[in-house]
Amino acid sequence: MKLRKQGPTEVRDQYCFSFENCRMPRQKNDMLIKCGLTLLFIFCRDQSQACPSQIKVAVLGETVVLPCHLETPVDATDLVVEWARPDLSPGFVYVWKNNEENPTFKQTSYTGRTSLFVEKLKHGEVSLKLSKVTLSDEGLYRCRLPTVGQESFVRLIVGSVSDPVIDVAPKNSEELLLQCKSEGWYPEPEVLWLDGGGNVLSAGRTETVRGPDDLYTVSSRVTVDKRHGHRFTCRVQQNIINQTRETNIYIYYSTTDSPNATSLIFRALAFGSVCIVIFVWKWG
């Protein structure tokens, strides 16, 4: 993302109004986030100095790079580089000055988590590296070089994901009840059940609980015929952050007598996805 020349004072005043209108609070649901992204581009179309020219997505706990570089690649080693969150006070998340970081007015929640690629400063690269991403990191970031009068904006969206777990219980003599549960998602995901052919199964309403940490727990149930040996998949997905997690369960039905039990459950990890194998024996 290239830095742009700062405009006059009235443009900078307009930025404050633009930022309020473009903000997407974490408390909103997925639909509002989708609408917010759409409105963001519509509202900011003619206000490139006020709104983000790029949107980055990061997963909770991981490291993300917020891109920023000078329009003309010149050595930025001796320049002042400011990365800030306009919605925070103090708003600075990283300041480079006098060939080193200046943490004087740094937001404490970013201590030890932000840095520049010092070896790339000579090429005009002033991108920010943010590690151990948290949900509170989500927001609008401003990259500014005051000595050359250039700035740009990046919006960071934070997501959280986890693998789903399937539990199996007999419903009656012919059917099994499969329950899928996945904890620690953000934004709120959707749950799908699929058969071995990839067809979406009709399942009950997904139960969603939002915890005090703003992370979502989702669960869904589906009833299947145990006589029809098949593979079933529970897929949890979040399209905004482009993340999908799924667990496969295999049900094998046999008429061979079993002297010990009517069913055995084996759990195995294969090909990077969770796989549960169910063997069902019918008494002779």
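Cβ from N, Cα, C; glycine included.
Here's what TrEMBL has on this protein:
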| type | residues | note |
| --- | --- | --- |
| DOMAIN | 61-145 | domain 'Ig-like' |
| DOMAIN | 146-250 | domain 'Ig-like' |
| TRANSMEM | 264-281 | transmembrane segment |
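For the domain 'Ig-like' (61-145), the DSSP-based tally of helix, strand and coil residues reads 12 helix, 31 strand, 42 coil. In the predicted model, the domain 'Ig-like' (146-250) shows an average pLDDT of 93.
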